[in-house]
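Scroll down for the structure; my scribbles are underneath it.
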Amino acid sequence: MTRASDLTSLTIAEIRDGLAARAFSATELTKAYLAAMEAARALNAYIVETPEKALAMAAASDESIARGEQRPLEGVPIGVKDLFATEGVHTQAASHVLDGFKPPYESTVTANLWQDGAVMLGKLNMDEFAMGSSNETSYYGPVVNPWKREGSNLELVPGGSSGGSAAAVAAHICAGATATDTGGSIRQPAAFTGTVGIKPTYGRCSRWGTVAFASSLDQAGPIARTVRDAAILLKSMASVDEKDTTSVDLPVGDYEGAVGRSVKGLRIGIPKEYRIDGMPAEIEALWQQGIDWLKDAGAEIVDITLPHTKYALPAYYIVAPAEASSNLARYDGVRYGLRVPGDDIVSLYENTRAAGFGAEVKRRILIGTYVLSAGYYDAYYVRAQKVRTLIKRDFDLAFEAGVDAILTPATPSAAFGLKEMALASPVEMYLNDVFTVTVNMAGLPGIAVPAGLGAGGLPLGLQLIGRPFGEETLFSLSEVIEQAAGRFEPARWW
Amino acid sequence: MSVDIATVKRVAHLARIAITEEEAASFQNELNTILGFVEQLGELDVSEVEPMTSVVEQTMKMRADVVTDGFYSAKVVANAPASDDEFFVVPKVVE
């Protein structure tokens, strides 16, 4: 039998090969992960572990393999962000307001994974309702990044909102994870942890059964250890779903087939507006390195302009809170979750929501309620939606001019310390998403791929932005970066 | 535009979130920071621009107007903090 730590080091592609060759069983693999999870509780990546369910699913996978039927994700141990409804299992979006909620149904994305043979290890920590960039807004406490600065014991954030997903993948306590991205919540934590994360085109993964934050921006996607693993996971997560009217009627692509495909002749746009003031030299250097790698692989580099880039973040902070204030109106203390009594129905609502939501969620609900309120709707919300049209048009024009994908840094910095931003204004925290938020505003696919280590030996990521439904191109290009940069793993301290 | 304390309280009531005086003051600060940040959108002339309604070019899907789901009221109320005979229980709302 292979050693447990070796089993948790395998990529999903290697698990697939190992199970097919009967080198180990799905049960052995799952047991190795359950032991690793127990040993890594200091990271606080899991909110709930589901060992019994995992072992039952692994046993079913072993039976399936014994019958000679190996489905695409057979026996692959997966962590699930707490935003996805999982039947009979804790689903609270890391919020107190959903206290005790166990959905009687399964989200489409997770149902797709189980259908393809994957094994559920548990529910992963996240920022409350996916609102945050450091995983510090979770009701269940912050997640600790498995990475530390060289020679420092300071605990770092894993990024957010999918901080639990990214930390768990980087720490080898799941083989891959589901995540969601409304303004950068897959790509920023992937960049902070040296993992690969892709937010597909809006409409590619069904939103059914995913707790809603900002419905016109929310998209599910995977976080994985390699580009190929991300491709394998996305293939299973994506689908055409009649339960989600924004699910797009296009066949799911051959993502894994795109990994390793030549990028020769592809035109890569470099947007000058992403060269922001005060950008650290290491980020500049990383970006240039990425340009050189793609050029060496035969891609053509062209300078482009996306003139409305600087307006994406302010427009986002109108659109996303507006949609959130509407979506989160359902948490009323009546139908599910927490209930704090009051003298009448209104005070029951007010008390429940006061006790149930954390500070960042309240802040966004209040902003959203304000910008949608009578007299301000046109000045804020309609104007922001018009700006969104301009942002999308910038990208449309670049693609019409023949650009196949756009290369940018994934984040303006490496991971920062826990509580380091505690005294910062909300806007300073929002600036973490400055490179990623444009992609959600335009509904495009974007992937973050590790590209090197910066000061203190912390991972840094590059972002590739694709045409609508251009995920295959992104997988081909990011494979070039992964091959050139290598893979990065944290030194184990937990 | 900036908000005063009374506006913060009015908005909190509209959002059905009870807030203390202390919270109102701190939300006032934070909301004004955020509103100050989004003010730069005013620099753009958007008079000729259509507001975005959908990021993907797809017409809204319609399905047949038939019952496809339901008949499980016990499941619907299973997560309710208070229910009685498959009804949600709330404080008295009509006199």
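Here the Cβ of each residue, glycine as well, is placed from N, Cα and C on the backbone.
Annotation source TrEMBL lists active site, charge relay system at A:LYS81, A:SER161. Summarising the annotation, TrEMBL assigns active site, acyl-ester intermediate to A:SER185. Residues or ranges marked as domain 'Amidase' by TrEMBL: A:28-474.
On a Cα basis, A:LYS81 (active site, charge relay system) lies 11 Å away from A:SER185 (active site, acyl-ester intermediate). In three-state terms derived from DSSP, A:LYS81 (active site, charge relay system) belongs to an extended strand segment. The two recorded residues, A:LYS81 (active site, charge relay system) and A:SER161 (active site, charge relay system), have Cα atoms 10 Å apart.
Summarising the environment of A:SER185 (active site, acyl-ester intermediate), the number of other Cβ atoms within 10 Å of its Cβ, over all protein chains shown, is 37. A sphere of 10 angstroms centred on the C-beta of A:LYS81 (active site, charge relay system) encloses 32 other C-beta atoms. Under 8 Å, Cβ to Cβ, and six or more positions away along its own chain, A:SER161 (active site, charge relay system) finds A:MET126, A:ASP127, A:ALA130, A:MET131, A:GLY132, A:SER133, A:ASN135, A:THR180, A:THR182, A:SER185, A:PRO189.
Summarised as a single figure, the pLDDT of the domain 'Amidase' (A:28-474) averages 97.
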